[in-house]
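The annotation domain 'Peptidase M12B' is assigned in Swiss-Prot to 10-206 on the grounds of sequence analysis. Taken from Swiss-Prot, the feature disulfide bond applies to 121-201, 161-185, 163-168, 217-246, 228-241, 240-263, 254-260, 259-285, 279-311, 338-384, 351-361, 404-416 (among others). The annotation Zn(2+) binding site is assigned in Swiss-Prot to 146, 150, 156. Annotation source Swiss-Prot lists active site at 147.
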């Protein structure tokens, strides 16, 4: 399962914002700004093909009438403002995975870019700041690839890191020559980040109609006007696609996909995604498409694991399993006496937070707040174990949809309600 996730093609739906100083630098020529951005994205795709990741430019915003945040040379402050703007404004206007601010302001000191580390899909953190620091498109694109690398869990390369004797993308200092390779350290950090965090937003395939950059035959992504795209002719390894035209060969129905075999659609009814659990449903090919249908699951609220839980979005969340995940296989759910701490609303024991204030659980809701576990057999003394994280307030809390009583489950407000009501 882990290897399957790592091998799956990833897609980053990217929005690039050009600030008002960019507008002035290019004398209000929005076409020139867009052309530069398109060129940068083409280079990004060349670089990130090493990770089987496609960068889909789904939005370009040019602040022609003035900046929408306070853009200043202090890179940390500007990135903070931009992240907040993305979270509160841009995401409400347009769904996307990552946003980069391209500025013509001279950032502080030698800085030409800044980004949060390991933050892909985070509403504020999936952002970067790029200075338009070089006449060459490719040099700005490499800086963007570097900052995007931070978002994807990569740190700066140390002396022990290498990518074949040349400076690498994640080098701490900018080289004067274009570099296109990630180091062995970057690869390890990126895979570890994906395994540990599984950022959820980078698996869906963007709609062709959402992409704003001109179609490029040879970038491994099927865009408007193309039937297939297997890369440049010298690199194409797909017998179903004409790499020079990005059209299917005569007689071919498809290029690839879970329901495509030898250039033809698999027959209707061919299983393409097995059921992961009793709460999941197996999917089968339609005979009319190369793609496996959208992942579906049993109805929410259906009893599962011998009535220990109720199905929720394809899983069967129960307290014991959540204890195993947090504290290891020997951990089990704690007695009710531990969960009574949630009624106090002190420390990390509560049901929810409102405006930074912890709200204690009502008696009926104690098993929907902080999760408490115990290790090994329970003797005369009970040691209630729990965990929490400042970075992610949901870590250590009981999962949504968990059974909290007969015919009752935890809803999104951390209340224990009738199983027929929260869905």
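Even glycines carry a Cβ here, placed using N, Cα and C.
It is 13 Å from the Cα atom of residue 168 (disulfide bond) to that of residue 147 (active site). Within 10 Å of residue 156 (Zn(2+) binding site), counting C-alpha to C-alpha distances, fall none of the disulfide-bonded residues 121, 217, 240, 241, 311, 404.
Listed in sequence order, 226, 229, 243, 244, 245, 246 are the same-chain residues at least 6 apart in sequence whose CB falls under 8 Å from the CB of residue 217 (disulfide bond). Closest to residue 279 (disulfide bond) by Cα-Cα distance, out of the recorded positions 146, 147, 150, is 150. Counting in whole angstrom, residue 351 (disulfide bond) lies 40 from residue 146 (Zn(2+) binding site) by their C-alpha atoms. Taking only the Cα positions, the spacing between residue 260 (disulfide bond) and residue 150 (Zn(2+) binding site) is 35 angstrom. Note on proximity: among 121, 254, 361, 416, the disulfide-bonded residues of the record, the Cα nearest residue 161 (disulfide bond) is that of 121. Summarising the environment of residue 156 (Zn(2+) binding site), the number of other Cβ atoms within 10 Å of its Cβ, over all protein chains shown, is 17. Close to residue 361 (disulfide bond) in the fold, though at least 6 residues off in sequence, lie 342, 343, 345, 350, 351, 368, 369, 414, each with a CB less than 8 Å from its CB.
Counting Cβ atoms from all protein chains shown, residue 150 (Zn(2+) binding site) has 20 others lying within 10 Å of its own Cβ.
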